[in-house]
Every structure is written in C-alpha cells, then in structure tokens.
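Data first, discussion second: the structure below is written as structure tokens.
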Amino acid sequence: MGLWNGKGTGGFILYLLVAFSVAVFSVSYVGDTTNPIHHHLSSLSATEKIWPDLKFSWKLVLATVIAFLGSACGTVGGVGGGGIFVPMLTLILGFDTKSAAAISKCMIMGASASSVWYNVRVRHPTKEVPILDYDLALLFQPMLLLGITVGVSLSVVFPYWLITVLIIILFVGTSSRSFFKGIEMWKEETLLKNEMAQQRANMVNSRGELLIDTEYEPLYPREEKSELEIIRSNLKWKGLLILVTVWLTFLLIQIVKNEIKVCSTIYWILFIVQFPVALAVFGFEASKLYTANKKRLNSGNTECICEATIEWTPLSLIFCGLCGLIGGIVGGLLGSGGGFVLGPLLLEIGVIPQVASATATFVMMFSSSLSVVEFYLLKRFPIPYAMYLISVSILAGFWGQSFIRKLVAILRRASIIVFVLSGVICASALTMGVIGIEKSIKMIHNHEFMGFLGFCSSQ
C-alpha cells in the first residue's frame, strides 16, 4: 500500500536525481568552452518561422500515418505522443522547432479530447464509480499546469543539448519502469487465468464457476446501463467545475502575461501568482485525501480512498505534487502534455491501466488546451495545418481507445495498455534523442554557446 514499498521506486528516484544533477552541473563546464555571442547570432536565425504549405504529397501522407498511429498509441497509454509528433513535424513536414511544438500541443489536445469523450461513455471495469478519477485529476492538474509555465520559461534558459539529455534520462527511466511493471502485471494475469482454468476443471457445471467468473470479470458490465446513464455516472460536476476554474485562471494569467513586456515588474508578479493558485488547489485536494485516509485507518476500513492503492501520507502527497510539477516542466520543455510522467506515475501508485489511461488523458486535455489557446494568441502555428492534424488526432484517439478496449476484453490482459505506454515513451526517447544529438553536434561544430542563457536577454 505504501509508495516506497519496494526497492524499484526508491532506485528509480535515485537514478533520476543523480543523472539530472550530473547533467545540470556539467553545463558550467561546457558553457565555459563556447562563445555566447555566436550562439546569440545563430539563435536569432533559428527563431524564424518555417510554415510549409498544406498540399498533398508523400510527406503529408507519411506524416498523417505517423500522426494517426502516434495519437492512437499515445492516448491509449495516456502519454499524448508529443515526443513522436515534434520530430515528425520538423523532419518530415519541415516546420521549425517552436511551430512544431505548438502544433504538437494541438494534436495532443485533439487526441485527448476524443479519448475523454470515448471514456465518459465507458463504465469502470471493476467498480460502480467513474472511470475518471477526479480526486487524482484535482491533485495533479494544478501542479501540471504550473509545471508547464515553468517549463516554457526554462526552455528559454536551458541549452538545447541539456534539454535533450534530461529528456533521454527521464524517458529511458520511465519507459523501463513501465515495461517491467507491464511484465509483472502480465505474470499476475497469467497466474489468475491459470487458477481460473484449474478451478473450472474442478467445478464443472457448478455454482462456483459462475462466482469465479464474476470475480475476475474486470471488463464486462455487471448490469445493463444505457449510454446516457454511464455518461451521467462518469461526470462529477463539482470536480469538473473546479478543474475548469483552475484552467480558466491559468489561461487568464497567460493571456495577460503575453501582453506585458517580458521581465517587467508586472510580468514577474503574474508569474509568481501562479504558484499560490496551483498550491491552493493542490493543498485543498491533498488535505482532503489525507483526512479521508486517516479516517479510513481509524475505522479499520480497507477500501482505498480513490483509485490509487497507496497510503496518503504527507510524504506521498508531496511526492505526487513534485511529480506533477516535473511532468508539467517536461511538457513545457518538450511541447507535450506532461503525460510522459503522469501516465507511469498513476500506474506506480496502483491505479489500474484502464483508469490510469483515462485519467491521464483527462488531465492532459486541460494542460494541452491551455497551451493551444496561448499559442493561438501568439500566432505560433498555421491554422489549416493545425486543423487538419487535429482532425487526424481526434479520429485516432477515438479509434485507439475503441481498439485497445476490445483487445483487452478479448485477451483479458490490461497489461497491454502498460506495454503500449512503455513503447510510446521508448519511441519518443529514440526520436528525440537522435534529433537532439544531431543538433547538438552541429552546435559544437559551429562553436555555439552551450551554457545557460539569460531569460530576459533571450526573449
């Protein structure tokens, strides 16, 4: 039940801390050997918008196929797919990096929105509760939104090679962790299926067979419900209202901040205001979970407070808040929705794959749409291309959820979702890694500045 109940989690966190620390501290050495003036001149040309025309070609066909598969697999795993979209948009279609990140957010928004619409029409696989965990959404969403704003700011300060290294470190770690989690689940499912087969053989035509089948049935409804009844049961208006309010608050701050001179006093005030807003909502939900968990322990109740199976102690709550913040920062640096951290984290705290996928895409819908509105106001992406790729992502997100649910129902192995999640993160690590290394090598050959940049001077 505890978050630190195994060596795996502690070892994974230690790996991230050591690797991140080495990478960040190495900037001071690398930065001393390069020329900041040369970098400033080259960065000016790198910021030029490159928007290819939307016309039929083999590149568009290939990009459409990759976008469809990336969106389908990304929503199934609850990670979005930004690590696949950005390289596809830059290498195949020829967009500049900033425009690619903006269009990537549009695609994630479309895929996650269609995925959420599909999921609200699906019942929870084992309980009579919403498949979207609103408690976890309220816990992670404000920190994720805060992290995205911080990540966007850090993307201006951090050198490109450092962002590449940090992303590879994180993606390799989360992908490996998720893969081993999937193997564990696969073994457990195999044991359960073998036990069921053995008990069926011993209890043919008996009442016990029905009881066993009912106990294992995580994928079929216990009683018939209409689609409207399922939608109503999956929508909690109070939780939705809070989530939308937080989203609107951050959106308003971003809109006002974009109209103000960078690094002015008002700019920094608005930037700092985001912290108490996010921490207030996070603190409200954290105290709610902590109090409920304490009452549960005092009463001797063994039922979990929400979908997570961990004990909601101050340490675990702080850990989840930091992970949400890190997920947002990664989303801001990479141009993804933050699901590369949130998806694996939900599995780590004991959320079953179906609910983890649904909840992660639900939270990503808010984070990605916030960025899309901001990018639209900044005119960061061409509308025709964005609308086309959003349409592809919407179809892919819906199809991906439908296909994987049927596959899981047939095979009775929810671990498939975990393997898809791991595969998408691994593919993202490879594509982002190759592109990042190639670009970093070019920067070294051109003797460009490889250290930290000034935030105000780089705007």
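Cβ coordinates are placed from backbone N, Cα and C, and glycine is handled just like the others.
Taken from Swiss-Prot, the feature transmembrane segment covers 10-30 (among others), and the record attributes it to sequence analysis.
Tertiary proximity for the transmembrane segment (50-70) is limited to same-chain residues at least six positions away from its ends with a CB under 8 Å from its CB atoms, namely 81, 84-85, 88-89, 92-96, 99, 107, 381-382, 384-385, 388-389, 392-393, 395-396, 424. Residues or ranges marked as transmembrane segment by Swiss-Prot: 50-70 (among others).
Look at Swiss-Prot and you will find 75-95 (among others) tagged as transmembrane segment.
Swiss-Prot lists 99-120 (among others) with the feature transmembrane segment.
Long-range contacts of the transmembrane segment (131-151) within the same chain, counting only residues at least 6 positions beyond its ends with a Cβ under 8 Å from a Cβ of the stretch, are 116, 119-120, 122-125, 234, 236, 239-240, 242-243, 246-247, 250, 254, 271, 274-275, 277-279, 281-282, 284-286, 288-289, 305-308, 317, 320-334, 338, 342, 346, 351, 354-355, 358-359, 362-363, 366-367, 370-371. The annotation transmembrane segment is assigned in Swiss-Prot to 131-151 (among others).
Beyond the ends of the transmembrane segment (152-172), by six or more residues, the same chain brings 16, 19-20, 23-24, 27, 30-31, 83, 271, 329-330, 332-334, 340-341, 425-426, 428-429, 432-433, 435-437, 439-440, 443, 449-455, 458-459 to within a C-beta distance below 8 angstroms of the stretch. Summarising the annotation, Swiss-Prot assigns transmembrane segment to 152-172 (among others).
Under the heading transmembrane segment, Swiss-Prot lists 240-260 (among others), citing sequence analysis as support.
Per Swiss-Prot, the feature transmembrane segment maps to 266-286 (among others). Same-chain residues lying 6+ beyond the ends of the transmembrane segment (266-286) with a Cβ under 8 Å from its Cβ atoms: 135, 138-139, 141-143, 145-146, 149, 153, 242, 246, 249-250, 253, 256-257, 260, 312, 317, 321, 324.
Packing against the transmembrane segment (315-335) from elsewhere in the chain are residues 2-4, 82-83, 85-86, 100-102, 104-105, 139-155, 158, 163, 166-167, 170, 282, 286, 289-290, 341-342, 345, 349, 367, 371, 432: each is 6 or more residues past its ends and has a CB under 8 Å from a CB in it. The transmembrane segment annotation in Swiss-Prot covers 315-335 (among others).
For 338-358 (among others), the entry in Swiss-Prot reads transmembrane segment.
Per Swiss-Prot, the feature transmembrane segment maps to 381-401 (among others); the stated evidence is sequence analysis.
Summarising the annotation, Swiss-Prot assigns transmembrane segment to 416-436 (among others) and lists sequence analysis as the type of evidence. Tertiary proximity for the transmembrane segment (416-436) is limited to same-chain residues at least six positions away from its ends with a CB under 8 Å from its CB atoms, namely 70, 73-74, 76-79, 81-84, 86-87, 90-91, 160-161, 163-165, 167-168, 171-172, 174-176, 178-179, 181-182, 185, 334, 340, 343-344, 347, 353-354, 356-357, 404, 407-408.
Counting only same-chain residues 6+ beyond the ends of the transmembrane segment (338-358), those with a CB under 8 A from a CB of the stretch are 1, 3, 9, 74-80, 82-83, 115-116, 119, 122, 124-126, 131-133, 136, 140, 144, 147-148, 170-171, 174, 177-178, 181, 185, 218, 304, 307-310, 316, 320, 323-324, 326-328, 330-331, 364, 367, 405, 408, 414-418, 421, 425, 428. Residues 49-51, 67, 71-72, 74-75, 80-82, 85-86, 89-90, 131-132, 230-231, 234-235, 334-337, 358, 361-362, 364-365, 368-369, 371-372, 375, 380-382, 385-386, 389-398, 400-402 of the same chain lie 6+ residues outside the transmembrane segment (99-120) yet bring a C-beta within less than 8 angstroms of a C-beta in it.
When Cβ-Cβ distances below 8 Å are used as the criterion, the transmembrane segment (381-401) is approached by residues 51-52, 54, 63-64, 67-76, 93, 99, 102-103, 106-115, 117-119, 361, 375 of the same chain, each at least six residues removed from its ends.
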